[in-house]
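Q: Got a structure for you, questions after.
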């Protein structure tokens, strides 16, 4: 996206339309010169779509749906979208836009809950680490596609096993006949496709005995590529148009090819038909909730950060509906592409759809490449597809990095660090690069799955729930509704008010309870994670959640007050600088009160009370100051 930094920005000359969403309001100059603003709202929407629509849609959603029984996952997914996803998405956008602050600065609304912002930063750090590795896998496939024949097309490669069954015949490129019963009995019962064997052998080096095979070097090199791309995300609007729409062109091409394959209907029926026994499984509901928060970017801090660069009167309600529906529609669309291909592969391999491929995060790197081999000029389409994955991943990765950098710069807040924001960005990128290197080893896929299941799973749900409760019940729902009305010109719809106050926290709470009751350790295919690995996963999850109570205790110890109740009240009430960032928007209860008016409230009071008497102790002075306040 493009941020206009002050009136001297060349992009500021293009602002010709009114900047407010309030009917009848005159156009006024509300650029935040110090922090910057979006050049126009189209760029904000497209960049937000690029942030929300990412690898979580075309990579994470299909494998979670596949792991949880296809249609059994769709039902709780849409329930969570309507009652939790969209309402909390709107809450985060309005929260950041009203205060014009990042995920730390917005907690001037209730300073004791600033740990929620730190928890968001920890989550974004974890996601950025392993998200970068998924991007580097896309880079690996991108460069591997630059050949005349895709290396995962046939079973004639050195890494292929006797169980490999290619879709195409190696001699004439025609479709291979289906396996009959005799052929299946002559080999093992588990057939594998060349795309799956390529994923396991040359890419992951799972078949190599060493801890870090030579395959680590190209992946480590790919991890470093995003470092070169970050010096402020300054793309023109034409480039944003391309990066936001190009993925849909590629997905549409794969969708048309997928539904024309034999057996595609079987895969789509598996995708759409609920397995009612799995719907009663709390794990399915927990995965649906985590996917909604993961896909929309709730509790990452990125939504608050991007909305903080909006102009004060931007209609973020409209933006939240457009972005969230586009995001989830993309996930469902990508699911049709994946499962049509899985249906074809199931018929070709002679197995059930649920047993075709990897149930883990490698599903997208098995099903999509398999479909690419069936297209004419398959190397060209493969290059375009993995270029699309790279764009999707980098769009989200840039916003994750911007979230961390903005939080740090806003927290320090002085001109010195603002002028050196580029160096802060470089430092954060280098740290992320170094932390991502262990995930490129032979065991990297296991670490990636562990981080995906724990570091960015139920911790997102807990953080969102606490954020919702603190705003609605600590700050006060009436206060927040008035803030939104002052910003947008209308209060939030009744449905959102009910969801924020009742539905969203209640649904999240019960999902967490039943997830704990029905907890099962994660597994990758046939490998069950040992207890020490599960412990590390829980530590990663708790590290973000524990920021909330730890900072609350720290704040209670630092805040003024004679009793615990007084300290609690002082720690939870909004700070004096909470509210709109620009003075022209600080109206009503946010309007500054002139000092003269305060003195005229008690004209008969002697001015000598304002100063402690020579014989007055410190307690009397403090009491006098509290009385004036």
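Just so it is clear, glycine is given a Cβ too, placed from its N, Cα and C backbone atoms.
All annotation found in TrEMBL is predicted automatically rather than curated by experts.
Below are the features I grabbed from TrEMBL:
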type	residues	note
BINDING	50, 52, 53, 57, 295, 327, 392	Na(+) binding site
COMPBIAS	619-629	compositional bias 'Polar residues'
DISULFID	155-164	disulfide bond
REGION	1-30	region 'Disordered'
REGION	606-629	region 'Disordered'
TRANSMEM	44-63	transmembrane segment
TRANSMEM	75-98	transmembrane segment
TRANSMEM	118-143	transmembrane segment
TRANSMEM	239-272	transmembrane segment
TRANSMEM	292-309	transmembrane segment
TRANSMEM	321-346	transmembrane segment
TRANSMEM	380-401	transmembrane segment
TRANSMEM	422-448	transmembrane segment
TRANSMEM	454-475	transmembrane segment
TRANSMEM	495-517	transmembrane segment
TRANSMEM	529-554	transmembrane segment
Q: For the recorded Na(+) site formed by 50, 52, 53, 57, 295, 327, 392, which further same-chain residues have Cβ atoms within 8 Å of the site's Cβ center?
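A: Once 50, 52, 53, 57, 295, 327, 392 are set aside, the remaining close residues are 49, 51, 54, 56, 326, 330, 331, 396.
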Q: Report, in whole Å, the straight Cα-to-Cα distance of residue 155 (disulfide bond) from residue 327 (Na(+) binding site).
A: 37
Q: Do at least three CB pairs under 8 A connect the transmembrane segment (44-63) and the transmembrane segment (422-448), leaving out pairs fewer than 6 apart in sequence?
A: no
Q: Which range out of 118-143, 292-309, 454-475 gives the transmembrane segment (44-63) the most CB pairs under 8 Å?
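A: Highest pair count goes to 292-309.
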Q: Cα-Cα separation of residue 155 (disulfide bond) and residue 53 (Na(+) binding site), in Å?
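A: Given the Cα positions, residue 155 (disulfide bond) is 34 Å from residue 53 (Na(+) binding site).
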Q: Tell me whether the transmembrane segment (292-309) sits in contact with the transmembrane segment (239-272), defined here as at least 3 Cβ pairs under 8 Å among residues 6 or more apart in sequence.
A: no
Q: Count the Cβ atoms, other than its own, that fall within 10 Å of the Cβ of residue 155 (disulfide bond), considering every protein chain shown.
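A: Excluding its own Cβ, residue 155 (disulfide bond) sees 21 Cβ atoms within 10 Å.
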Q: If you measure residue 392 (Na(+) binding site) to residue 164 (disulfide bond) at Cα, how many Å is it?
A: 31
Q: Could you tell me the C-alpha distance between residue 295 (Na(+) binding site) and residue 164 (disulfide bond) in angstrom, no decimals?
A: 34
Q: Return the stretch with the most CB pairs under 8 A relative to the transmembrane segment (495-517), choosing among 75-98, 118-143, 529-554.
A: 75-98
Q: Is the transmembrane segment (118-143) close to the transmembrane segment (529-554), in the sense of at least 3 CB pairs under 8 angstroms with a sequence gap of 6 or more?
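A: Between the transmembrane segment (529-554) and the transmembrane segment (118-143), contact is present.
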Q: Using C-alpha positions only, work out which of the binding-site residues 50, 52, 53, 57 is nearest to residue 164 (disulfide bond).
A: 57
Q: If you count Cβ atoms within 10 Å of the Cβ of residue 50 (Na(+) binding site), leaving out that atom itself, what do you get?
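A: Neighbour count, Cβ to Cβ under the 10 Å cut-off: 23.
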Q: What are the non-local neighbours of residue 57 (Na(+) binding site), defined as same-chain residues 6+ apart in sequence with CB under 8 A from its CB?
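A: 295, 327, 330, 331, 334, 392 - these are the non-local Cβ neighbours of residue 57 (Na(+) binding site), listed in sequence order.
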Q: What are the non-local neighbours of residue 53 (Na(+) binding site), defined as same-chain residues 6+ apart in sequence with CB under 8 A from its CB?
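A: The answer is 244, 247, 326, 327, 330, 392.
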Q: Non-local Cβ contacts of residue 52 (Na(+) binding site) (under 8 Å, 6 or more apart, same chain)?
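A: Residue 52 (Na(+) binding site) has long-range Cβ partners 295, 296, 297, 323, 324, 326, 327.
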